[in-house]
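Participant: So that we are looking at the same thing, I have put the structure below in structure tokens.
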């Protein structure tokens, strides 16, 4: 593929912010209940192990990208041929569309439940997608800049991670490791959607200056995410009883309801509003990634592809009008992502490595 001009690239350290931004999305608000439902008070172990597995996958992704010296679109076709590679590119780009749609519509559900139950989904979707269109048309550097501020601005809420500690009962965590390893592995499923998004590296790798040197920042970013998610899981398990957590769909928001100020009665309104700074770069990244991927695969300019993708996600807002449908979308997205990332990418790496060795 063509070398990206340096004026369109970002510094290697920006990968740290790009990965954290897309990992700490809407899943962070309620991932605890799903894992706890599967493995109870050992859910924090599942979260920790899944975070470690993501670091392994980041290493594999960098092996693929460094050897292929391009993005996943070009690498798939170079390694597997035009048709098989093209099919796998279609699957990956479809998954990225679903990832963006799931993130946006799950956040819309949060807004409905916690703030504005009567507002139409299409109104919120239209406002977000309009902003995302403006951001994405500015190019990758603008998207990356929004991703940076998507970490900096919400960081003012970090104190909410510690306020509930005074009400935590850490005896809820015992006995530790009462579930089998297989059960804990199954519990990792509850963390998939929260951690996913790091695979966007497969698309924006060519836009990083001295991309090979950015790997350490990717690992650091996932380390931070893993620590945050594991801590939140431990805090949630200590704050809620098992029965209470089973009914807490948005566990994090339920916890911070206890925070009150003389001038703010419903502090969770602030949380949901500020969380938009996480969601905006999340959706923008996916829109940029899909439009860029289609440009590389089919030669269609991004400015023509982008409105079509946005229209598709907008139309979904008329159909994703209840919890069951959004849950189903979450499940499909997680399963497709798991198979592509944890099954296909290692196989691709092995085939690619074997081909390189045979050529030598």
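Yeah, the Cβs are placed from backbone N, Cα and C, and that goes for glycine too.
Worth saying up front: this structure is predicted, and the values here are computed from it rather than measured.
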Participant: Using Swiss-Prot as the reference, determine which range in 247-267, 331-351 is annotated transmembrane segment.
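Facilitator: Feature transmembrane segment in Swiss-Prot: residues 331-351.
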Participant: Within this structure, do the transmembrane segment (188-208) and the transmembrane segment (45-65) have 3 or more Cβ pairs under 8 angstroms, counting pairs 6 or more apart in sequence?
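Facilitator: Yes, since the transmembrane segment (45-65) and the transmembrane segment (188-208) share at least 3 Cβ pairs closer than 8 Å, they count as touching.
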Participant: Can you tell me which of 84-104, 142-162, 188-208, 270-290 gets the most C-beta pairs within less than 8 Å of the transmembrane segment (11-31)?
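Facilitator: Against the transmembrane segment (11-31), the leading stretch is 188-208.
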Participant: Six or more residues beyond either end and a Cβ under 8 Å away: which residues meet both conditions relative to the transmembrane segment (116-136)?
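Facilitator: Counting only partners 6 or more residues beyond its ends, the transmembrane segment (116-136) has Cβ contacts under 8 Å with 104-105, 108, 142-143, 146, 276, 279-280, 283-284, 287-288, 291, 302, 306-307, 310, 313-314, 316-318, 320-321.
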Participant: Under 8 Å, at least three CB pairs between the transmembrane segment (142-162) and the transmembrane segment (270-290) (pairs 6 or more apart)?
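Facilitator: Output yes: the transmembrane segment (142-162) sits against the transmembrane segment (270-290).
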Participant: Under 8 angstroms for C-beta pairs, at least 3 of them, ignoring pairs fewer than 6 apart in sequence. Is the transmembrane segment (188-208) in contact with the transmembrane segment (300-320) by that rule?
Facilitator: no
Participant: Taking contact to mean three or more C-beta pairs under 8 angstroms, with sequence separation of 6 or more, is the transmembrane segment (331-351) in contact with the transmembrane segment (220-240)?
Facilitator: no
Participant: Could you pull out which residues elsewhere in the chain have a CB under 8 Å from any CB of the transmembrane segment (84-104), counting only those six or more residues past its ends?
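Facilitator: Answer is 25-26, 72-73, 76-78, 125, 128-129, 193, 196-197, 200, 202-203, 279, 282-283, 285-287, 289-290, 293-294, 297, 309, 312-313, 316, 326, 329-330, 332-333, 336-337, 340, 344.
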